[in-house]
Protein chains: 2
Amino acid sequence: MKLTILGCYSATPRAFTNPTSQVLDIRGNLFLIDCGEGTQVQLRRFKVKFSRIKNIFISHLHGDHFYGLIGLISTFRLLGREAPLHIYGPKGIQEAIELLLKLGNSYGGYELIFHELTNKSSELIYEDDKVTVHTIPLEHRVYTNGFLFKEKLGERKLDINAVLNYDIEQCYYRNIKLGKDVPNKAGKVIANNLLSLDPEPPKSYAFCSDTAYTEKIVPIITNASVLYHESTFLEEHEHLCQKTKHSTAKQAATIAKQARVGKLILGHYSTRYDNIECFKKEAQTVFSDVYLADDGKEFNFS
Amino acid sequence: MKLTILGCYSATPRAFTNPTSQVLDIRGNLFLIDCGEGTQVQLRRFKVKFSRIKNIFISHLHGDHFYGLIGLISTFRLLGREAPLHIYGPKGIQEAIELLLKLGNSYGGYELIFHELTNKSSELIYEDDKVTVHTIPLEHRVYTNGFLFKEKLGERKLDINAVLNYDIEQCYYRNIKLGKDVPNKAGKVIANNLLSLDPEPPKSYAFCSDTAYTEKIVPIITNASVLYHESTFLEEHEHLCQKTKHSTAKQAATIAKQARVGKLILGHYSTRYDNIECFKKEAQTVFSDVYLADDGKEFNFS
């Protein structure tokens, strides 16, 4: 898994910071998460092969997470896209996008498939042979979901030295990867664990923005390899969290600790702070493995 | 009048070019013309005091002229705007903006006043004590208007030397600027033309994008001080104009010549061309006073 931060600042786009959008690359399959204004430019700037995006997940319909979507959809059409595009987001997203396309008489070219979300409990919304995506219901001023991306356990790895030593024909390699015992050339059945190695442990990524501090998400994201949790404010402005339904860096770290995640990435910083290092410092008083999102930054989950 | 080009390239925003948006400053009053995605960032980048924008004119509802509007409206609210904002644009614009605001639960703070346009003939859509704005019906794939901004004739200028020589009391200065004859201290009436100078000739600016070549606009824009006319293509691609309803640089220059405008500014370049100088060269075969719009460029109409 590789995560590229296209934008991670709250509220309004500025000359040198961008609103929320991320690309998650899971074994070559690109998932776009949120799409603030200017996302299509950030995709170009960071040379993301964005024709490979097949699924877009929108957490909520505030502008800084959503107003870049119509432009991206429109650009896909202008670039001659033919592959269907799946969009997952709160109820209303389809009406909005279709109205804008209708007004510009800009339909067609490729199929848009909307998956509107209304459930207030976590649910499976996407599955292929490598990945599942579940919603993470969040607490914000409007209906909002985070998203939990989980790799499936991969195939077993061929232990090529063992396979040669045991004199196994090549036509059995596929079955070995699938965990089956196979015969050698002499017809003797060899146990799979002698011929293969455990697959890489599957990774998972939990995206949680925007949200007030809520422990309800802990069971859903427990043991995630990486958690992105919004930290709009520092503790000194915790009083603003109640009204705006955002979190402090310390609250994000508290969730990370309770959920025993591998790493915590902070983002969605209020633009009132000049130096985002203070978010990391505050979070590390609670949880040690903290990273700061920033526009253009890449994270490889190893 | 001062025109600031925020973006002037056609179709999709790119890392270093922006879709259409312009700010026209008429004696300190800022008019925003079109609002492609990223316009609010361009306003910040070029340090336009955008709280002073009271009127926004949208030519048509294609993304590269319109998709930045909702973000700007939203940002105004986040910045605490209280002044009403007037939006002039094709029918449907109100429904689209209001739906997006409703979905984000982002109403309020200031009043949005929509002026939806449906007329296929030129009409007066804005007037204050200094400026009028008329529509310029254009020929494009969807309902589209250009906009003609005309300064009103200003007050006459006090000829201060003459006023002192004729021994006029200060309380009459206002009447002199209004064109009236006034008495001197001895009670003799002095003709206004002896005390005042002609005001600056009023300027006008015609914005015409997007449009196929159409001579129907010539009577509306005749003698405009400055014409901005789209030139999406060069003559070598004129065959593309028919389907896309765009113009070549040469066609733009032909309109400028027929309308006897003062200057021609070209823009809305297709991104297929590496060097925009070729647009100027082509236009100058027909009309001499040609300028190239470019993102961030300012034009002072003197």
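Quick reminder: no glycine exception, Cβ is built from N, Cα and C everywhere.
Copied over from TrEMBL:
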type     : residues                             : note
ACT_SITE : A:Asp64                              : active site, proton acceptor
BINDING  : A:His60, A:His62, A:His140, A:Asp210 : Zn(2+) 1 binding site
BINDING  : A:Asp64, A:His65, A:Asp210, A:His268 : Zn(2+) 2 binding site
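The structure, with features from TrEMBL marked on it.
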| residue | record | Cβ neighbours (10 Å) |
| --- | --- | --- |
| A:His60 | Zn(2+) 1 binding site | 26 |
| A:His62 | Zn(2+) 1 binding site | 25 |
| A:Asp64 | active site, proton acceptor | 28 |
| A:His65 | Zn(2+) 2 binding site | 29 |
| A:His140 | Zn(2+) 1 binding site | 22 |
| A:Asp210 | Zn(2+) 1 binding site | 26 |
| A:His268 | Zn(2+) 2 binding site | 29 |
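Proximity to chain B (Cβ-Cβ under 8 A) holds for A:His62 out of the binding-site residues A:His62, A:His65, A:Asp210. Classification of A:Asp64 (active site, proton acceptor) by DSSP places it within a helix. Other than A:His60, A:His62, A:His140, A:Asp210, the residues of this chain whose Cβ falls within 8 Å of the Cβ centroid of the Zn(2+) 1 site are, in sequence order, A:Ser59, A:Leu61, A:His65, A:Leu138, A:Arg141, A:Val142, A:Thr144, A:Ser209, A:Thr211, A:Lys245. For the recorded Zn(2+) 2 site, residues A:Asp64, A:His65, A:Asp210, A:His268 set the reference point as the centre of their Cβ atoms, and the other residues of that chain within 8 Å of it by Cβ are A:Ser10, A:Ala11, A:Pro19, A:Thr20, A:Asp34, A:Gly36, A:Ser59, A:His60, A:His62, A:Ser209, A:Glu230. Distance between Cα atoms for A:Asp210 (Zn(2+) 1 binding site) and A:His268 (Zn(2+) 2 binding site): 8 Å, as a whole number. Secondary structure at A:His140 (Zn(2+) 1 binding site), taken from DSSP and collapsed to helix, strand or coil, is coil. Across the structure, A:His60 (Zn(2+) 1 binding site) and A:His268 (Zn(2+) 2 binding site) place their CA atoms 14 angstrom apart. Each residue contributes its Cα atom, and for A:His140 (Zn(2+) 1 binding site) and A:His65 (Zn(2+) 2 binding site) these two points are 13 Å apart.
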